[in-house]
Amino acid sequence: MSKIKARKGAPYARILGVGGYRPVRVVPNDVILEKIDSSDEWIRSRSGIETRHWASDEETVAAMSIEASGKAIADAGITASQIGAVVVSTVSHFSQTPAIATEIADKLGTNKAAAFDISAGCAGFGYGLTLAKGMVVEGSAEYVLVIGVERLSDLTDLEDRATAFLFGDGAGAVVVGPSEEPHIGPTVWGSEGDKAGTIKQTVPWDRYLPHSRLRSSGGTPTGDVSPLPLDSEGNVKFPAITQEGQAVFRWAVFEMAKVAQQALDAAGITSDDLDVFIPHQANERIIDSMVKTLKLPEHVTVARDVRTTGNTSAASIPLAMERLLATGEAKSGDTALVIGFGAGLVYAATVVTLP
């Protein structure tokens with residue numbers, strides 16, 4: 001048996017820079033109310049959301065990612081050619097192959113960096129951060145670019161009163177690099193596939209696409225023959241994200257608070273040691289309930305980017321992080337608890353030092 005040589009990278013890893021991009025168009029609740037029977041007061045009371053950003057045709061997944069990444073790379077004080085790997089988390093890049101990460105890596109000017117996409121919903125940034133940390137410590141890349149990016153406006157049913165107001169678009173990115181001390185704690189992550197139906201796409205692509213081989217042959221992999229959802233004019237609706245709101249709320253508040261506490265325990269700190277809490281920006285009621293359940297001290301700054309950005313899934317944590325630092329609500333060196341959770345159901349939580 002031959003001995004395989006091991007490769008060793010940095011002792012530890014840390015976030016070195018962060019960047020964000022929000023589309024130019026700001027969409028107030030009044031626009032959402034044009035197609036649903038609701039009110040601005042109801043939307044704010046149920047979600048905390050006042051506005052969200054919707055991308056134009058030019059603000060593609062790649063374009064937004066490149067803008068956010070350029071800022072993160074500059075913030076880290078390195079050049080794009082030093083990036084050894086690019087990890088993109090998204091559920092709204094509609095081309096099955098190739099991965100959008102390869103286009104982003106090329107257009108940024110990386111030197112043939114490894115590049116791939118992951119799909120972990122609203123926990124995607126945490127998954128990407130964990131992979132990046134492993135690459136830096138293992139030595140497969142000195143610097144890793146992690147991007148969370150979404151165009152959820154493309155997957156929003158504007159006639160669905162339960163979800164029409166929730167989602168927004170944007171991109172957030174961080175550069176993860178070497179460190180002599182631990183600045184990214186152990187990740188507490190997992191999945192609960194028995195709850196997969198609580199957040200899902202309304203119609204699988206193989207049922208929606210009129211010319212798919214499976215549909216034309218009269219079948220699907222799951223044998224799904226349920227009626228296709230129709231819009232007010234009788235047309236088959238484009239697939240959208242749907243969720244069981246109360247079930248998701250209960251799970252997020254009670255189960256994810258436990259996961260957040262586990263991340264604190266794994267990092268060897270308590271809530272008193274925290275400076276910042278950056279949960280997935282799903283809903284301000286969920287955020288408030290988690291703060292209460294975790295009994296966070298008053299000195300802890302809590303990200304509330306959801307008010308003006310909406311739920312941007314994989315992009316929400318890096319976007320919120322970028323805004324807190326840009327506004328001075330948080331500062332470089334602060335200790336932050338981050339937790340993402342969503343469709344799958346999946347989750348990932350860790351403690352980090354802010355760049």
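A Cβ is built for glycine as well, from the same backbone N, Cα and C atoms used for every other residue.
Residues or ranges marked as active site by Swiss-Prot: C122 (among others). In this structure, C122 (active site) is part of a helix by DSSP. The number of other Cβ atoms within 10 Å of the Cβ belonging to C122 (active site), over all protein chains shown, comes to 32.
Taken from Swiss-Prot, the feature active site applies to H280 (among others). Under a cutoff of 8 A between CB atoms, and with a sequence separation of 6+ in the same chain, the neighbours of H280 (active site) are C122, A123, N311, S316, I317, I339, G340, F341, G342.
Note on the region 'ACP-binding' (281-285): DSSP counts are 2 helix, 0 strand, 3 coil. Annotation comment: Swiss-Prot describes 281-285 as region 'ACP-binding'.
In the three-state DSSP scheme, N311 (active site) is classed as strand. For N311 (active site), the number of other Cβ atoms no farther than 10 Å from its own Cβ, over all displayed protein chains, is 24. The active site annotation in Swiss-Prot covers N311 (among others).
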